[in-house]
């Protein structure tokens, strides 16, 4: 699935922002909590540490702080934002939406605000909606926020999952293309609900509401079949990436920067190898932050932008994969 509403109007990312909690949970810390080792974690994931939010650093707040940075970097005032999209898999509440809570924190009044749920692919799904809104002329300045406090749903007695996830938030402002922005080409998105149970949070919704049994059996924690997820992640992201490159009208060798979902260094390296992208052009932060879910790609993009390494006419390939199962890719162009 992809969006391209108005060929005469091109949406672009004007500016980015991100937020990461101060608390660091290292592999050495995890060695004291579960039967694991730094070598075991790094060999399988590439992760050395991750950030963990404090009790008052909830999802909506992390997203709102990232949003404040993005709005400032775009040179806009908050009252110029006319739509807010909040991508998250770990909302503050089932309702009200995390977007509404972030809106209140930002002091932005009366604009449409809603949550987008596509797990770790949420940043790209939200970007597709923002692009459509801008190119259709529905809104002028769309604020996309992606944040997750996954530590609230991690079982820190399960060595297979507790080593993977961290907390954080990212944001960007999308408007009509202007010099210095990152133009958004047509996105390639997909999902396969038949495989949803491979990566899920089993309880807490209407299908399996909270109960004494669900609490005792640990069904409020993230459940994942790692080997199966790995297999589908590489294949689906490769397909989406090829499709997005074709939609952008360029060749694989034209890609200047690869900005993948920061879930596992082995997955990142496998994808980079398939596209023959030089290691110096592959942006990695997974070793520092682990998998921050919907905010993952956004945090990576923000860090890359602030290195000032992106040059005029550079092409950036963003890819993501997450629960659903869901996946997506897009090519951005620096103009």
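Here the Cβ of each residue, glycine as well, is placed from N, Cα and C on the backbone.
Summarising the environment of residue 120 (active site), the number of other Cβ atoms within 10 Å of its Cβ, over all protein chains shown, is 32. The active site annotation in Swiss-Prot covers 120 (among others) and is backed by sequence analysis.
Here the Cβ of residue 261 (active site) has 30 other Cβ atoms within 10 Å, regardless of which shown protein chain they belong to. DSSP assigns residue 261 (active site) to coil in the three-state reduction, outside any helix or strand. The feature active site is assigned by Swiss-Prot to 261 (among others).
Feature annotation from Swiss-Prot assigns active site to 291 (among others); the stated evidence is sequence analysis. Applying an 8 A CB threshold to same-chain residues 6+ apart, the list for residue 291 (active site) reads 47, 120, 150, 164, 165, 166, 261, 262, 263, 264.
As annotated by Swiss-Prot, region 'ACP-binding' applies to 262-266, with the evidence given as sequence analysis.
Secondary structure from DSSP puts residue 291 (active site) in a beta strand. DSSP assigns residue 120 (active site) to a helical segment in the three-state reduction. Summarised as a single figure, the pLDDT of the region 'ACP-binding' (262-266) averages 97.
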